[in-house]
Amino acid sequence: MINRPLAIAAALLLLLLLPLVLQGPYIRHLFILAFLFAIVAASWDLTLGLTGLFNFGHIAFFGLGVYTAGILTTQAGVDPWLVIPIAGIVAALAAFVVAAPTLRLRGIYVVLVTFAFSQLCLQVVMSQGDLTGGAGGIVRVPSLRISDYNFARDQRLGYYYVSLVLSLACIAALVAIARSPLGKTARAVRDNPEYAAARGIDQMRIRLTMLVISAIPTGIAGALYCIYFRVAAPEVFSFSTSTLILTMLLVGGAGSIVGPAVAAVGIVMISEYLEQFPDLKATKHMLLAVGIILVLRFFPGGLAQISANLFARSAKTVGATPERAP
Amino acid sequence: MADIIVSILVSGLVLGSLYALMASGLSMVWTTLGIFNFAHGVSMTVGAYVAYEIAQRLGPDLWVGYSILLALVVMAAVGAAFEYLLIRPFYGRDDMVLVTIMTTLAGLTFLENGVLTIWGPRLKQLEPLIPGNISYGLVNISRQELIIVLVAPVILLALFLVLNHTQIGRAIRAVGQNQKSAQLIGIPVTRMFLVSFGLAAALAGLAGMLLAGVRLMTPTMGADPLMKALIVVIFGGLGSIGGSIGAAYVIGFLEAILIFTVGIYWTPSMLFLLMVLVLLFRPQGLFGAKNPSSL
């Protein structure tokens, strides 16, 4: 009974009109955060979910984006608009660096190297205090401007639309990649590496391509995150950030790209709501951890699986067979 | 010059002993269950805090060693409970390696924040087993560090003897080598998982309790040792407990040397670079078998 294109169009229209209805800067702030994390979660899903690459250092690309923006704008005076694409390039370069030792490895060793890489980034940021501000981070990052229009003084309306457009563009690109022959090849590598190799698929090339592609939107999101908050703090590399995004990925459904992006919106709302109570900061992370375990245990396909069932059920009335979700 | 070399040797020995305690448990769980336990570092934190709590309850008159012994029992139970809740439900799934990475990461977040909630962010310290320092010639070492250096090989030797010469140890290794055959000859496989998780948590906990007598305790104290244990098992090859222990001492000394030469800030990057080089040329680890397991 549910019409997919119509539902998507309605959701987009709603997102475009939402800030006109919701006037408060706080609710807009929640959506900005949600859009940025949606990019990170969806692009992580491209490697972890779709390609089956055990990449646990994805947060490093985000953190590098944050610090690229912070360092270039405050120390080199680069325009904040320009920094956003630069951060994407820096993250892509970092992906090459991580790829060098990981591509020949399999399974758990990939996890160890990528994870160690993200911890290494944190340690470098902490130790290079002159450049990164160490534990204190970088403050007073300049805000976005269009000639005289300052994005910091418009009740967050400008940032809402910038992050919405960026996030829609990134997610549309990621979905297009997932549906392209490249995405299908990646899925083949994940589901049956031996058969994929037998069919002449170069696994190393696919994994490298996917890792680099997934790093670009993440770096971009990191840069906008930095410019929006006007600070770059080492917490972006932490376990907590990783866990938060992993929760989005799993709740949304690994391998579905759109699922994690949708889940990001809900999880940011819950997480930020709990943020109001400073005493509950640790409890919040504990709840997220329990959430991960419960989802893995009882809903391994996440929201995407649930919605696929929903669509399948409505399609069944016209005789279609339900599609098997990844 | 001589005093610098001696102090490098001493600090390398102390670090190596701690890493060996950590890495042996990590490697044992990997060989038995095929699971990489990211919560291994936080077991160290929990161990230290549990010992602290027990020591507080028992009062300052009682020697801290008793608290540590009690805490070790608690840690074995914590490890077993961890396996029961976070690992067992996912056993036999195709994507078990990946799923358990996520559940152990979730367990890490849960326990770390749990420690923060219960004991707060304030720095704490456990009484050293024997207070004071020892100076002998150029060697200057606190008694607690000396205990770490001496206890670690004893514990690791005991672990080696248990794994090789007792029924339960052989059963654990049998499960690691071939789970189905082990089951066929009547080894209770799931109980062995419970035992190895409990043992690993107790080993990590011990490392934490000993460290808490030298350094201050924080809820995130396990993060850096986990990172080091991770580098250690990559160096040593994940599948080999002996290799991991050897690598732990190598990394300990390397770290001590690097801290003196390139400084504390660049040491992690240098270690990471070394790890990358090892992986590029010997993906099975320095001491690992030629034929690494498929995962």
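Every residue, even glycine, has its Cβ placed from backbone N, Cα and C.
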Quiz item: According to TrEMBL, which of these ranges is transmembrane segment: A:107-126, A:187-206?
Solution: A:107-126
Practice problem: Could you pull out which residues elsewhere in the chain have a CB under 8 Å from any CB of the transmembrane segment (A:33-54), counting only those six or more residues past its ends? | Solution: 62, 107-108, 110-111, 114, 163-164, 166-167, 170-171, 174, 177-178, 183, 186-187, 189-191, 206-207, 210-211, 213-218, 220-222, 224-225, 228, 244-246, 248-249, 252-265, 267-269, 272, 326
Quiz item: Do the transmembrane segment (A:158-178) and the transmembrane segment (A:286-306) come close, with at least three CB pairs under 8 A (pairs 6 or more apart in sequence)?
Solution: no
Quiz item: Thinking of Cβ pairs under 8 Å, which stretch from A:59-76, A:82-100, A:286-306 has the most of them with the transmembrane segment (A:243-274)?
Solution: A:286-306
Quiz item: Same-chain Cβ contacts of the transmembrane segment (A:107-126) under 8 Å, 6 or more residues past its ends?
Solution: 53-60, 63-64, 67, 97-98, 101, 132, 134-135, 234, 237-238, 242
Exercise. Please give the sequence-distant neighbours of the transmembrane segment (A:286-306): residues at least 6 beyond its ends with Cβ less than 8 Å from one of its Cβ atoms.
Key: 243-244, 246-247, 250-256, 258-259, 262-263, 267, 271, 274, 325-326
Quiz item: Taking a Cβ cut-off under 8 Å, which residues six or more beyond the ends of the transmembrane segment (A:82-100) line up next to it in the same chain?
Solution: 57, 60-62, 64-66, 68-69, 72-73, 113-114, 117, 166, 207-208, 211-212, 214-220, 222-224, 227
